[in-house]
């Protein structure tokens, strides 16, 4: 169901300032102009894409055919050539796809040229054709650039024409127009009728002039085309004559090839035989060297095993001897320490006993002296004062006894203290002896530890030396293994070269016929490529002619548009039909509620189309009726469409 046609919006008066409605209408017309421009570009792009697809298909077919011929030539050349690199390249070209063939075209051409060794005249003609091709390609690029510039100028001219014819542009930018017509009086009406008839006559004259100019333009285009075709025909005849001469010279060279002389073949055979003999002699020498290296390797392996066994046995013997010597030294040290402690204790006891005996001897001497004095006193004769003396003596005796008891008591205490001191001294002496013995044992242990550390360091040095010797022997063994591997590789290489040489000798006799076949195929391929080049040049010439015709038509259309514009301005013609069509298009495309968004949402209950924003606004405001037919709808009745 189509929307009812909305009324055409009116612009505000020019004397008044711009309104929001004028700006919106200006933006809408700008969008329509841009849309028309994009449509024109899209149509031109579609035409170009179709033409390019057709040309691409033709080029793909021709490329496939050319690649097939090149693969066949590569197979023939691979059968003819005996060297490894060229044969491998030909096999890759023959077995690869089109991309592989194109990527290795230059290398394959060099191989074919080296195998043929002739065709200098054809090569010169090919280079000349390549120069002509490059020149035509440059001219084609230049013409394509000119055509693009002309198209851009024509598009810009159309855009300016659309903008100049737009009322909104004139309203926004305040372009001055001619004075509007006043109310017509009867006299003015009659004069207007006469002017209208005169305008129709002038329009007819302008149309006849435009037709005449169009015919003259077509005549000039046809004359230019005929001249270009004549020049192209003359150039093609010259190129055809040159190609026929080149083909005849190539056929003569193929029919009468210069066969290789027998002397050259015999010389090549002699050289190959000498190479084979030299390689066999080198192979024998390498075999002898290989055997000598194997013997040296086995001898070194046996020597290394013997040396390792002997060294390990000596190391074990020295280690056991050192352990036994250390155990004997420890036993002797314990025995010496025990004897020393016993002797020290005996010496201390003897020293204590000696001091006690000396003291007893002194006391005995004192007692003996006192007894002698007592005896001497008792032996004296009595005197007159005997009683007093006796009494005094008794007192002295009593005092002496008390003194003796006291001295004995003190002596006993002293003896006890002396014995205690002697015991403590003995204990202290024993403790000192034990301390000094411990210190001496510590020193001896430190000395033994130092000796053991020295022995251990010497053992580690010996082990490191043995490891270094083992590494050097391992390196020598690896070098011998590498030399053995190299000698085996050389032997294998010599055998392969021997086989390759024999194969080359067998292939030398068949290369001449295969080379002739490959040259024939290459000549056919060259002829096909020349035909393809001629077709491409003819197509390029057609494009040049078409470009010139388009340029001429463009000039004619520009002149025609200018004249039509002048006629329209002078006659004051109305473009109401075009404006009405544009307004109808706007009504169909834009939403009838806001007149600014595209129609993209349809109401399924009635089929009317609006923009999504207006539909959501009406649902949010609880206005759930169609603005056109007042049918109710909900959010589930909305459907997104693409116009």
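Each Cβ is built from the backbone N, Cα and C atoms, and glycine gets one as well.
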Checklist line | Per Swiss-Prot record, range annotated coiled coil [choices 520-555, 556-591, 592-627] | finding: 520-555
Item checked: Of the residue ranges 136-157, 202-223, 224-245, 246-267, the one that Swiss-Prot records as region 'Disordered' -> 246-267
Notebook entry, point to check: How many of the residues that make up the zinc finger (591-630) does DSSP mark as helix, as strand and as coil?
Noted result: 9 helix, 7 strand, 24 coil
Notebook entry, point to check: Mean pLDDT for the coiled coil (520-555), as a whole number?
Noted result: 77
